[in-house]
């Protein structure tokens with residue numbers, strides 16, 4: 001047993017190593033971004049640096065207790081690092097783009113995660129039954145343990161992929177789908193994992209499955225409501241305190257920006273811990289608190305705070321993400337692994353197959369509900385973006401166990417770590433070549449036309465009103481592909497009515513009560529001299545430089561038939577090949 005002096009020295013050493021590790025990773029990340037290094041992404045570089053530090057730490061510490069000081073702590077991750085990452089994602093979310101594709105994103109995040117989890121889990125259980133994976137490495141309930149394994153593997157973390165997207169001008173639709181799905185997917189995977197874990201010592205039957213799904217839906221709705229409620233309460237508090245302008249006769253040391261930062265930080269963390277304490281999902285709650293604070297609270301603070309506070313959260317999230325990837329790399333050397341080659345060799349293929357079963361059928365379903373269908377090459381790229389990260393590994397560490405004296409499943413934990421490393425370093429590094437192969441790296445080519453169309457629809461507020469002329473052409477392409485006119489017309493009408501209802505609620509109640517910009521403020525200001533002040537003629541300028549005017553919704557008719565005839569005369573597109 002180490003002496004008191006040895007324990008103090010170990011504490012100092014275990015604090016020094018992570019600090020130095022983070023400093024090195026930040027510098028390496030800067031060099032990669034500064035000199036546009038394409039061979040490795042910052043997240044992958046942090047993993048490699050973490051592995052190197054882990055090897056050194058292992059060599060410097062002879063005792064097992066010393067090595068344990070550097071092992072992954074799920075408590076520190078779930079209550080220290082993850083909240084700030086998710087909260088910043090909500091605060092800095094491009095809400096207009098996100099909600100323009102929200103129904104599609106939710107389809108992938110909720111339904112897709114459940115599909116992927118059960119496909120992976122049941123396939124793994126079959127491998128256990130036929131002897132490919134050693135049953136002795138699992139607990140007394142191998143079916144549920146395999147389902148838990150499938151759930152945690154379904155948690156995606158495409159940081160490396162998204163950084164490539166930003167560098168090569170990927171189609172906005174692709175970025176929106178991957179980013180939006182990943183944020184919600186983490187929350188969904190955690191909720192589903194914890195729900196399944198409650199039934200670990202029970203026999204898993206069909207009735208158990210429906211009980212799990214019911215609890216999953218209940219927790220998701222409850223978490224969303226908690227997040228929204230905390231955001232609205234924070235907005236009302238900031239508005240009441242009057243932080244937007246410095247009041248007269250304040251103390252010389254008054255700092256409104258500091259108070260704003262403190263209240264926004266506390267509101268986010270309060271949302272997280274409150275949801276966790278009442279059995280809901282803190283991840284989902286804090287994400288929607290971030291969205292709500294950005295939508296309402298942002299307009300109740302001063303201009304200086306608007307810039308400083310939100311950039312501070314972005315920087316804090318960057319540090320947290322960097323540290324998470326680096327610490328994940330350290331586990332390669334510091335964790336006492338249990339190698340099951342059945343798990344190791346089948347993990348990546350099963351993860352890719354489960355994601356394909358998720359993405360392609362749901363994309364086909366989503367295309368029946370969208371005015372602009374998801375192109376095939378975007379679907380392929382989306383399926384390839386299912387990288388695994390720290391959330392998956394943290395859940396693996398929290399795996400329940402029936403084995404005496406052991407917490408979690410060492411074989412599953414080792415397999416998850418290998419999948420995280422391979423997907424981030426290998427699959428993440430293959431993002432750019434795959435984008436080039438699919439024709440998604442150059443916005444000037446034909447797929448760039450799809451990119452521009454998607455970018456244009458992103459300027460339609462929440463996506464509930466008529467699209468731009470370019471998007472109408474894509475809609476006509478959908479007609480040419482066989483979507484029924486009556487169905488598309490109904491979808492347009494429903495979206496238009498939803499938008500009108502939301503705009504009325506925002507302008508007449510939400511904004512006067514909680515603060516914020518007018519509901520149509522997401523677009524450029526209305527040119528009243530041209531539009532006569534009409535609210536149904538918002539002038540906008542899309543990202544591709546084309547100008548168009550949003551007009552009152554009309555049924556699909558002669559114009560659409562003309563578009564359809566023009567497309568038919570032009571022949572099939574490259575997407576149809």
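Quick reminder: no glycine exception, Cβ is built from N, Cα and C everywhere.
The transmembrane segment annotation in TrEMBL covers 12-32, 76-93, 105-127, 213-238, 250-272, 341-360. Residues or ranges marked as domain 'Cation/H+ exchanger transmembrane' by TrEMBL: 31-435. The feature region 'Disordered' is assigned by TrEMBL to 522-577.
The stretch in closest packing with the transmembrane segment (213-238), judged by the count of Cβ pairs under 8 Å and taken from 12-32, 76-93, 105-127, 250-272, 341-360, is 250-272. Scored by C-beta pairs under 8 angstroms, the transmembrane segment (76-93) has its highest count with 250-272, from the stretches 105-127, 250-272, 341-360. Long-range Cβ contacts of the transmembrane segment (341-360) within its own chain (Cβ-Cβ under 8 Å, at least 6 residues beyond either end) map to 108, 112-113, 115-117, 119-120, 123-124, 127, 132-134, 137, 150, 153-154, 379, 382-383, 386, 388, 411-412, 414-416, 418-419, 422-423.
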